[in-house]
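As recorded in TrEMBL, the features of this protein are as follows:
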TRANSMEM  19-36  transmembrane segment
TRANSMEM  74-91  transmembrane segment
TRANSMEM  103-123  transmembrane segment
TRANSMEM  143-161  transmembrane segment
TRANSMEM  173-197  transmembrane segment
TRANSMEM  226-243  transmembrane segment
TRANSMEM  255-278  transmembrane segment
TRANSMEM  284-303  transmembrane segment
C-alpha cells in the first residue's frame, strides 16, 4: 500500500503562490527569448564580456544583435531578483520541512549554474557561428539545466498553491514516471542540438535537409538530427506506459497527453517549414508547457503528499 508524507499547513500562501506562478511565467519568456538569441546568431551581441555588455553596464548605440542579447541578459537578471524575493516569502509563509522550501532552494542553485553556463558560452566564444564540439556539449548541458530549473520553480509554485492535494500513486508507477522524466530531458537535449544544426547549417529545401541528414559528408551535428524524433517516440512510449501503469485519468493527465500530441504536430511543422525562427520558438513553448505539466503529474506519483489545505 502506497504511503504519503503529511506536510504541515502553511499560512497566507495564496499571494506567494501567485507570485511563484508569475515568476515561472517570466522565466518561460526568458527561455523563449534565449531561443531567439540562438536562432538569430546574436549570442555574441555583447562581445566576449560578461556580465557587462561590450564593457558597459548599458550598451551605447547598440546594433540589433546587441539589443537581442542584452535583452536576454537583462531579463535573466530580473528573473534572479524575482527568485530571491520568492525564496524569502516562501520561507516566511511555510513551516520547516515544507516541500516548497526544498524546491525553491533547488531552483536557486540551478539558477546559479544556469548563469555560469551562459557565461561560459559567451566567454569561450561558443556563440554565433561557432561549430565546435564544446559548444554542442555545452548547449545540451545548458538546456538540461534550464529544464531542471523550470521543474524546481514549477514545483515551488505547485506546493505553495492552496487546495492542491497530490495523491500518492501506486508504487508500480514510480519507475515509469522517473523514466518519463529522464526521457523527456533527453528529448530536450537532442532537440537543442537539432535546433542548433538548423541554425548553423540551414537547408534550402526539405529534400536537401533530409539528404544532409543521411550524408556522411555532412557535419556531425546535422547527422545527429535524427536523434530528436527518435527520442520523442521513446519518450512518448514512456509517458503512455506511466499513465497506463498508474491508471491516472485526471485533468492534468489529459493536459499532458494533449500537449504531447501538440508537440508532434509542431515538430512535424518545424521540419516541413525548415525551422523558421517563429516556429522554433513556438515548438519550444510547447515543449516547456509539456515539461511543466509532466513534472506536476509526476510529482503526484514520485513525490506523493497528503497536505492539509493551506490557510489563506
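Placement of Cβ uses the backbone N, Cα and C atoms for every residue, glycine included.
Same-chain residues lying 6+ beyond the ends of the transmembrane segment (226-243) with a Cβ under 8 Å from its Cβ atoms: 173, 176-177, 179-180, 183-184, 186-187, 190-191, 193-194, 213, 253, 256-257, 260, 263-264, 267, 294, 298, 301. With a cut-off of 8 Å between Cβ atoms, the residues of this chain six or more beyond the transmembrane segment (173-197) that come close are 35, 38-39, 135-136, 139-140, 142-144, 147-148, 219, 221-222, 224-225, 227-228, 231-232, 234-235, 238-239, 241-242, 245-246, 248, 275, 280, 284, 287, 290-291, 294-295, 297-298, 301-302. As a quick check, the transmembrane segment (19-36) and the transmembrane segment (103-123) miss the bar of 3 or more Cβ pairs under 8 A, pairs 6 or more apart, so the two do not touch. Remote same-chain residues near the transmembrane segment (74-91) are listed as 15-16, 19-20, 22-23, 26-27, 29-30, 33, 100-101, 104-105, 107-108, 111, 114-115, 118, 153, 156, 160 (criterion: CB distance under 8 Å, separation of at least six residues from the stretch ends). Counted over residue pairs 6 or more apart, the CB atoms of the transmembrane segment (143-161) and the transmembrane segment (255-278) come under 8 Å in fewer than three pairs, which marks the two as apart.
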